[in-house]
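Here the structure comes first, spelled out in structure tokens, and everything after it is commentary.
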Amino acid sequence: MSEKIAVLGAGSWGSILASVLDENGHDVRLWSYNPKQVEELNTQHTNTHYIKDFTFSPSLVAYSDLASALTDVDAILFVVPTKAIRSVAGQVATILQDQHLQPQLIHASKGIEQQTYKRLSQVLEEEIPAENRQAVTVLSGPSHAEDVARKDITLVTAASASPEAAKYVQKLFMTSYFRVYTNPDIIGVEIGAALKNIIALGAGALHGLGYGDNAKAALMTRGLAEISRLGTSFGADPMTFIGLSGVGDIIVTATSSNSRNWRAGDELGRGEALDDVINHMGMVIEGLATTKAAYELSRERGVSMPITEAIYQVIYEGKDIRTAISDLMQREGRSEF
């Protein structure tokens, strides 16, 4: 099966997923809004700002013109930052209408839209009419782009309300080192993918403050409980959160310096000012906006999320990190489950 696939977003994850698809023999068009990045990808076959020491195949072609990238596509993979996905989807919708196309839609972005607090599949469904798309599938799981670039073993989930769409995405991506499972719980997979970045911020902060493994394990375990509570309030399957998009994604994101959210938390824990961390990170720190979204959703739905609330207070209200930790530890005793 060789498909025409447009990959929208040429950051670290988008460009490496494009490389996996290209390696599988698909006709891949990698789109970026940055003409200089497109030129580098097409002439030097590198993407040095995002992926160091990696050379892309010459068969992978980058585009700065969105309509050209979408010509006659069978599938579109969105890997743009959360804040840009609605705008890009709106542009895509116009082009699909003009070209009378109805491709498969996939997204591998991890976040919740600000203001609306909607999942990204909901945003895509709102912006792209049903007559110009198939069912939306989410590709997510414990996956650092750097590891996939080295062809380290990686397992992810393709989640969709349509079993056929999930299996289609599974077939697109499967390689000897990149294994894809299917899951019908698109709600749980998206919520797990987004909210684990909050826990990664906290884990990085604990490291920066000098806390040990016990504290980090406690954070990840109780953080996962919070994610599960919020997810199930939306109808997610609790089993999803002990799978690749729950436990798996938390482990890889909250224990590794490859995670930009972990690195941001680490710097905050070491006393860096938030604005300075944002300015020199050089890439989007999705966990910052997701913290606000999750905090607001928890209050709206009456879901207890004390860790998320503490991280929100540190980021948005300027609360001292050590005070926030102390307040968490001094909460009234209760049953674990």
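The backbone N, Cα and C atoms fix where each Cβ goes, and this holds for glycine too.
Note that the structure is a prediction, hence the values are computed from the model and not measured.
Of all Cβ atoms in the shown protein chains, 21 besides its own fall within 10 Å of the Cβ of W13 (NADPH binding site). Summarising the annotation, Swiss-Prot assigns NADPH binding site to S12, W13, K110, A145, R260, V284, E286.
Within 10 Å of the Cβ of N261 (sn-glycerol 3-phosphate binding site) there are 27 other Cβ atoms, across all protein chains. N261 (sn-glycerol 3-phosphate binding site) carries a helical DSSP state (H, G or I). The sn-glycerol 3-phosphate binding site annotation in Swiss-Prot covers K110, G141, S143, K196, D249, S259, R260, N261.
What Swiss-Prot records for K196 is active site, proton acceptor. DSSP assigns K196 (sn-glycerol 3-phosphate binding site) to a helix. Cβ neighbour count for K196 (sn-glycerol 3-phosphate binding site) (all protein chains, 10 Å cutoff from its Cβ): 33.
Other Cβ atoms within 10 Å of the Cβ of D249 (sn-glycerol 3-phosphate binding site) number 30 in total over all chains. Most Cβ neighbours within 10 Å among the binding-site residues K110, R260: this distinction goes to K110. In terms of Cα spacing, the binding-site residues S12, W13, K110, R260, V284, E286 that come within 10 Å of S143 (sn-glycerol 3-phosphate binding site) are W13. When secondary structure is read from DSSP and collapsed to three states, A145 (NADPH binding site) falls in the helix class.
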